[in-house]
Structure formats: C-alpha cells, structure tokens
Amino acid sequence: MDQEESHVISIFETLGAYFINIFYNFLYKNALYKKHSIVTEYQYQVKGYILGVKQNKKLYEKMLDSFYKYFCNITQINSKTLNFSNFITTIVDSFIPKEYSQSISLEKKESILELLLCDYISNLGTFITTEKMLPFIIKNRKENYHKVTKEMQDYSLTFLLKKRMELYNKFLRKQAYVEPETELEETYARLSSYNRSLLHQIEELTSEKKSLLADLSTLRKKYEKRQSEYRRLVQLLYQQIQRSSTSKSSYPLTKFIETLPSEHFSNEEYQKETPADQKEVVEMELLRKQELLTSQELTSKSPNNYPVPHSRTIVSKPPDNYPVPRSRTTTKLDFDNSLQNQELHTKNGFSEKDIVEFGQDKPEEENILAIDQDKPEEENILAIKQDIPEEENILAIDQDKPEFNQDTPEFKEAVLDTKENILEEENQDEPIVQNPFLENFWKPEQKTFNQSGLFEESSNFSNDWSGGDVTLNFS
C-alpha cells in the first residue's frame, strides 16, 4: 500500500469514526429519555437524523462544522493551518483524481461532499438498524462494544472505498469522451446514442415475440385437436340421426344439427360416408315430419279437435219462389237436382223413365254428386256451420246400410219415386209457379268461404240446353 492510499484510508476511517460515534452513543442516549421502548425509539432517532441531514440545511451545516472540528482534533492539525475550505478540498480530493481537483470549483466540491455524506449516512443507518446489528447495540453494550464497533467500521470503510471507485470511473469516462467540434458531429453522436438504445429495445421485443409465437403455436395445436374432435362428434351425431330418422326423438336432434355451422359437414370424409341420394332422402323425411308436427299442433289448438277447413262451398238460395233446401247433404242435393231436372224435362216433353234410361246409358254420369270433387275448394262442403250440432256428423248417417248404396240402379229408382211423392205433396199445398229462369236451365249459384270468412263467387259446373236431344255436360 503506497503513501497516497494510506492517507485516503486514514481520512475514511476518521470520517467513519465520527458518524459511528453519533449512531452508537449519541442517538442511543436520546432514545433512553423517551417513554417508548428503547428499540422502537432508537429506530425513530436514526430515521430522524438521516432525514434531518438530507432535508434541513441548517442541521447539515451544523453537522459539517462539528465534523470539521472533530477532524482537526483527531489529525492534530491546527485549525489555523487547515481552514474550512481546505477541509472540504481535502475530503473531496480523496474521492476524485488529482488532475481534476484544480479544475473543480469550491462550490462544486461542496455539492459533491454533500451528496457523499448524505448517501453515506443513509447506508450506515440502514446497516445499524438491521436485525443482525440492532440487538447488539441495545443490549449488552459493554460486552459487545468492540465487536459491534469493529463491524460498523469495516462496513463504513468498505462503502467509502466503493464510492471512491465509482467517482473515479465517472471522471475517467468523462476524460475519454471527446466533445464534438461542430454541430453536425454533435447531432451524429446524439443520434448514434439514440440508435443504440433503439437496437437494445428491438432485441428485447424480438425475444418477446419469439416467446409469444411459441405460445401461439402451442395454442393453435390444441385448437386444431379440439376442432377435429368436435367435428368427429358432430358427424357421429348426424349419422345417429340418420339411423334413427323414423323415431320421434330424432326431431330435436335435427333442430340441433340445423343450428351447427355448415363447415362441419363440408369435409371430404363426410362426403364419402354420406352419399348425396341418402342426404336428399333424409332431408325429405325431416321436412315431412316437420309438416306433420305442424298440422298436429294446429289440430290440437282448433275447437273439438276438428280439422280446420280450407274452403267452404254452399249453394245459394235460388231466385223467385223455388223451395230452399234446409240441409246440404248428399241426399238432399241429389233430390234438389232431380226435382229441377224433372220440371225441366216435363216442360220439354220428357218423362222420368226416359231420363232414368238415359242416365243408365252413360255410366260416367251416374254419380251426380261427384262433380268437381278434385277441386280443393269443394272438398269440405259439409264443414259449414260447425257450431250447429245437428249438422256436424251428417255424412255419417246410415253409411253402413246396403240399401243406400248409390251405385245401384235400384237405389236411383227408389230415390226418384220418393222425390215424386214428396213433390206431389208439396204441389198440393202450393201450386208450382213457372219460373222464367228455368227456361235456360236452372244453374245453382255457388259461393265459397275463404279463410277470412267472406264469400267468393265461383262457377264450378255449367249445364247447357241445346234443344232437340238432351245433353247434360258436367265439367
């Protein structure tokens, strides 16, 4: 160790001895006069001293003046020989290189010394109040005096030497830095420094990007695995619906399949497993079941569970004084048509026997009531006035009796004889009035109910009278 370093170490040890005495003795005595516990109060005293030196300028100046007197007393240097400004220069020169000592002003040295002392006091106070040192300072002080003070001096000297090395490096870096001579060089140096910082940020972001890409790749593999499993389950579910398409429980599953995205049914494997014809058959079956369920719901909501008619056809009241039929059944309608034909043929010179024989020669005209049965608007002709109880099941009367079979000639002749008797009884009470409308052959006017309950006019059969031979056309 050379003479210069020994001089610096002696100054650092003197500095450490002064502040160790303050922390170990002075602050401990102040803690004894307080009402709180010694440990808690000692911690308050250390913290208050550190904050006071940093924030209170007068306390700092008082502390520095006290240290100046202590330094002169320990080094045995006369205060007249070592004034206060030389004292500050001596302390600061021990931390910086000699070549920079003369270039630094006294004010700059004072600010450097203030920063050094504040930093040193803060670190020394933190070290003393640790769990390792605090019990030895508060308890058994006489027994632990040499041990505690030795550890505090070692820490103080180590910290001051470390601080001296940091200041040396700063001054050396400043000496190595050449100030730019022109503005262009200054701008280049500034941009170069900024560029280096950007490159450092780019490296950090690149590494972060790599880690995120690795995480994304892992998540993508998991997603593809889950998607393949989901697609396979959907295909199995759809195949199960195809196998159980005749069961009633397949309808909710079909509705569930319709809500799924179509992308799950567009892969090649599914196209191979399910042919196009089979898909069409399944779709038609599903549509048919949906229509059946819809019709069942409508039927359940209608009164008395009767089907709702789509069209209701009636025969309107003929003009003049012609008798009005009270019921629109097959037997009554046949009677009305026969009565009209009888009057017309009687007027034109034909008899009932000729008409019957004429009707037998043409088998396609045997069923008079079969006119326009293929037209949907006349299929439910008996559904009018469903609220009248005597007309609800009028078609069901005596259908099982063989004597009412309308396809036999005997039934036709019996009906004609019955109608002749009824006509004679009615004519006895009321004379027949010649209706000029019958000259052109009476054609019943037909009206139909639409869904809103209004009448719609329609002419579904025409009867032509061409003179001479009798020709009956039913279209």
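One is the number of the first residue shown, and numbering goes on along the chain from there.
Each Cβ is built from the backbone N, Cα and C atoms, and glycine gets one as well.
According to Swiss-Prot, the coiled coil annotation covers 183-233.
The annotation compositional bias 'Polar residues' is assigned in Swiss-Prot to 295-305.
Counting Cβ atoms from all protein chains shown, ASN73 (N-linked glycosylation site) has 11 others lying within 10 Å of its own Cβ. Marked as N-linked glycosylation site by Swiss-Prot: ASN73 (among others).
According to DSSP, ASN83 (N-linked glycosylation site) sits in a coil region rather than a helix or strand. As annotated by Swiss-Prot, N-linked glycosylation site applies to ASN83 (among others).
When secondary structure is read from DSSP and collapsed to three states, ASN195 (N-linked glycosylation site) falls in the helix class. The Cβ of ASN195 (N-linked glycosylation site) has 10 neighbouring Cβ atoms from other residues within 10 Å, across all protein chains displayed. If you look up Swiss-Prot, you'll see ASN195 (among others) marked as N-linked glycosylation site, on the strength of sequence analysis.
Marked as N-linked glycosylation site by Swiss-Prot on the basis of sequence analysis: ASN450 (among others).
What Swiss-Prot records for ASN460 (among others) is N-linked glycosylation site.
The region 'Disordered' annotation in Swiss-Prot covers 295-324.
The transmembrane segment annotation in Swiss-Prot covers 7-28. Within the chain carrying the transmembrane segment (7-28), a Cβ under 8 angstroms from the stretch's Cβ atoms is held by residues 1, 42, 45-46, 49, 67, 70-71, 74-75, 90-91, 94, 120-121, 124-125, 128, 137-138, 141, 148-149, 152-153, 156-157, 160-161, 164, all 6 or more beyond its ends.
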Run through the Cβ atoms and count how many others sit within 10 Å of the one on ASN83 (N-linked glycosylation site). 11
For the coiled coil (183-233), would you mind checking the mean pLDDT of the predicted model? 88
